[in-house]
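Per TrEMBL, transmembrane segment is recorded for 27-49, 467-489, 509-528, 568-588. The domain 'Glycosyltransferase 2-like' annotation in TrEMBL covers 201-389.
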């Protein structure tokens, strides 16, 4: 029985800037465990108190519902951390490199495109062709669903020096909803019928791979045959300072997907994915029931007991939409894609007293006996619940080497209304997207070159992009908080502190108000001080071989901090002071 080829795979020292947060892993696990079960206990007690309340009204249940919804995001993160394990499983994924030129697997690099600027596509193509890998062992296939004659001609010129580069088109497919999934399936099932590579790589048209991409990703698949797909974190070279719209998706990559990776359940984020071709063929190719074909592919593979992983190395750099319109449209597309997942379900006591009365009497007695403890006990439990939730958020932040911020899972929640509107419009009014969904396509309104006037832009951002609604909701939230404070302060002296601590200063409610204000402020901040996006060429430099790559400053800038930012310590101090003040208030009460 012959064994498979032996590959020269070496392990590189871990990048200390990337793994610096790993020292908090065990602490993060136990804090998550405490926060998760504290939250469970808190809501059981809250539910019991709601049922036993003398004055039953809708506000009690509405408040509980809002608490539960807002707490769910943190609970999901906490549960994921607990599921992923603690110190014994906390080693970061190794940095591996595949050396040599013998016995290397055949790879096809697929670059699907549809209407993006030709120069953007060509920069990606050149970088893909120049990757450190024998040209006889990989092909670069440009899959053009825009049928661009200019792109075809440019590829023909490049082929003179890059014989492993090929251009393919199915004709114009930009009007089709699932064109990208179909484009990729066309490559998998048709173009690769004669030459069947062992692995495939997907790059978006605007994602520039680093030279070491293949030698850094393939070793993970070669060493672990049970892994079907590897996804790489996406980095960007045109992000504005501070990333006010959270376009880098730090929480997803460093918290959510990093935990899923520990379980072998990472989600494919699209560009930079490397997979075993046969595993995708056996899964039926890319799913075409949703715009988010990459995410759905991960779920399908995991349902077939295939492992999917993520690596954090900076191996590709892409572009983010440079306008609020583009950002909203991109997020709307993702949410419409998730809504389409539903398509998978379609074709294709005493003998003299009744038992319930016995329970009523018994519960009434317990309620009277416990009346003096209900508010104080519930209050301290609420403080502990919020404290543990913040502790988890802050430790999670440290664990990611301060790349993410506490509760960053809730980033872009101000877009919920826009997402619901887009989903409803898509499913009820039209089954086709309104315009192209390609990030860099010239067909997208947010990529047009015409410069609107200040008033036109203000009107557009306020109403079309929904910032006016965020202003209204922010003012409503702040007004409600001031009204609650005024109502408590003007109440009779004996009840003043009690009313304050059981309304606006009730820890979970105060926490909700904080999250709401932070969320609604994000788009307003954008309006008041719009970020400046780096011009594409300013973030790129040409190497000696003529390949365009991100500048050293960009590559250095994507690496996480080695020390905590000042804002982290400010949050720690503020949370400690607020919760400490609430505890003192509870003791006085």
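Yeah, the Cβs are placed from backbone N, Cα and C, and that goes for glycine too.
TrEMBL entries are annotated by machine, without manual review.
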Non-local residues, at least 6 beyond the ends, that sit with Cβ under 8 Å of the transmembrane segment (27-49): 64, 67-68, 71, 74-75, 77-79, 81-82, 85-87, 374, 377-378, 381-382, 384-385, 388-389, 391-392, 395-396, 399
Other parts of the chain folded back onto the transmembrane segment (509-528), taken as Cβ under 8 Å at six or more residues beyond its ends: 63, 66-67, 70, 244-246, 324, 386, 389, 407, 410-414, 458, 461-462, 465-467, 470-471, 473-474, 477-478, 481, 503, 578, 582
PLDDT averaged over the residues of the domain 'Glycosyltransferase 2-like' (201-389): 82
